[in-house]
Structures are given as C-alpha cells and as structure tokens.
Amino acid sequence: MSKVYDWFEERLEIQAIADDITSKYVPPHVNIFYCIGGITFTCFLVQVATGFAMTFYYRPTVAEAFASVQYIMTDVNFGWLIRSIHRWSASMMVLMMVLHVFRVYLTGGFKRPRELTWVTGVIMAVCTVSFGVTGYSLPWDQVGYWAVKIVTGVPDAIPGVGGFIVELLRGGVGVGQATLTRFYSLHTFVLPLLTAVFMLMHFLMIRKQGISGPL
C-alpha cells in the first residue's frame, strides 16, 4: 500500500494538497452560523443523487408524467423514500440558502474584496429558486400545471417583449408538452450545470480570499 501511495505522491504531491486543505486558518469569530453554506451544498448533493435516481423511472410527457411519479411512489423499491428525501431536501436547501444570504449580508461578507463571491452567491440563489419552480411542475398534476401557467404568464406584463418571453418559456402560446420538456431540461441539466459551475467559482474565491473578518 505504501508503494502505491508513494507512486501517486511522487507525481501528484498529494500530501502537500492535504496539508493545504487541513491547515487552512479559521478565524476565531467563526461560529455555527458559518456552516449554513456547507449545509446548503450538502442539500444540493442530496438533490443531485435522488434526482438522478428518479430519472430512471420518470417520463417527461404530459400523458405519462403523473403516472410515472405514482409508479415511483408505489411500485419502485424505496421510490417513496427517494422522492420524499428529494422533496424534503429541496425545502431545506431553500431555507438554508435564505439563512446563508442573511448571514453573509448581516456580517458584511459581501464587501470588498469579496464582491464577486457575493455575485456568484446571488446567482446560485436565483438558480435555487428556479429549481423549485421547474421541479414543481414535473409531476404534471393540477397543482403543477396551474403553477406553470401562472409563473410563465407573469412576464406577459412586460411591455414589448413580454409576449415573446412567455412563448419562449412555454414553447408556444399555451402550456403543454413543449413547456414540460423545457422545464424538465432546465431542472435536470441546465440548472444543475450552472449551479455546479458557479459553486466551483464560489468555493475557489472563498479558498483564495478566506472567510471575512468580524464586524
């Protein structure tokens, strides 16, 4: 085992990386509230894992979406548990995200030189809310359908481009299969990818600049 480790150590300098991670200075004013961002990240990982598991059985069509969700809940082994964890973790992620934003704002963590860290955080907050909006529609039940109809109809109030935005979101004039396909693609591919990219940027900047000092 030692020879294997030495082989990797010689090429990748694993010990230096481990020492850098474990020896990072933590300011004395840091308390439990500074862990909320990490909890949000953990919820995101749970969402990815449980969401990926459900993609094996979910069918993103207006004719089969609701039935496929019922199948996950009643026939798939532990399907009810996986979907329930996905739903609970989603609520927890939104709550932790809001608390994290408040903590950073109230402790002045958005000030110079951490403006870009704040910007990436705000973008991830928008992505988190978008996860909720797009995921809410996927069962394609009465609640999901009318929620989509209302949400996608909001931009219609924007002068000039409102109608175009509505048709872009819905994939047509009305809510239908094209809308569900768009929301499914956003929920399972576009938003996770965007969130992962900005999350990496967020972490790298925190790693570079460190945790902000006390007020």
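All positions are counted from 1 along the displayed chain.
Every residue gets a Cβ built from N, Cα and C, even glycine.
Going by Swiss-Prot, these are the annotated features:
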TRANSMEM  32-52  transmembrane segment
BINDING   Cys35, Arg207, Ile211  heme c binding site
BINDING   Gly37, His100, Arg103, Arg114, His202, Ser212  heme b 1 binding site
BINDING   Arg83, His86, His187  heme b 2 binding site
TRANSMEM  90-110  transmembrane segment
TRANSMEM  116-136  transmembrane segment
TRANSMEM  186-206  transmembrane segment
Review point. Other residues with Cβ within 8 Å of the Cβ centroid of Gly37, His100, Arg103, Arg114, His202, Ser212 at the heme b 1 site?
Key: Tyr34, Val104, Gly109, Thr117, Trp118, Gly121, Ile206
Revision key, fill the gap. The rounded CA-CA distance in Å from Ser212 (heme b 1 binding site) to Cys35 (heme c binding site) is 14
Review point. What stretch, picked from 32-52, 90-110, 186-206, has the most CB pairs under 8 A with the transmembrane segment (116-136)?
Key: 186-206
Exercise for review: Check the Cα-Cα distances from His100 (heme b 1 binding site) to the binding-site residues Cys35, His86, His187, Arg207, Ile211 and tell me which is shortest.
Suggested key: Cys35
Review point. If you draw a 10 Å sphere on the Cβ of His100 (heme b 1 binding site), how many other Cβ atoms land inside?
Key: 23
**Study point:** Proximal residue to Arg103 (heme b 1 binding site) among binding-site residues Cys35, Arg83, Ile211 (C-alpha distance)
**Key:** Cys35
Check your understanding: Same chain, outside the transmembrane segment (186-206) by at least 6, Cβ under 8 Å from its Cβ: which residues?
Key -> 41, 44, 48, 51, 55, 114, 116-117, 120-121, 123-124, 127-128, 130-131, 134-135, 138
Check your understanding: Here the binding-site residues are Cys35, Gly37, Ser212; which one has the lowest number of other Cβ atoms no more than 10 Å from its Cβ?
Key -> Cys35
Revision key, fill the gap. DSSP says Ile211 (heme c binding site), in three-state terms, is coil
**Study point:** Annotated heme c contacts Cys35, Arg207, Ile211, maximal Cα-Cα distance (Å, integer)
**Key:** 15
Check your understanding: Nearest to His86 (heme b 2 binding site) in three-dimensional space, by Cα, is which of the binding-site residues Cys35, Arg114, His202, Arg207?
Key -> Cys35
Review point. What count of other C-beta atoms do you get within 10 angstroms of the C-beta of Ile211 (heme c binding site), across all chains shown?
Key: 15
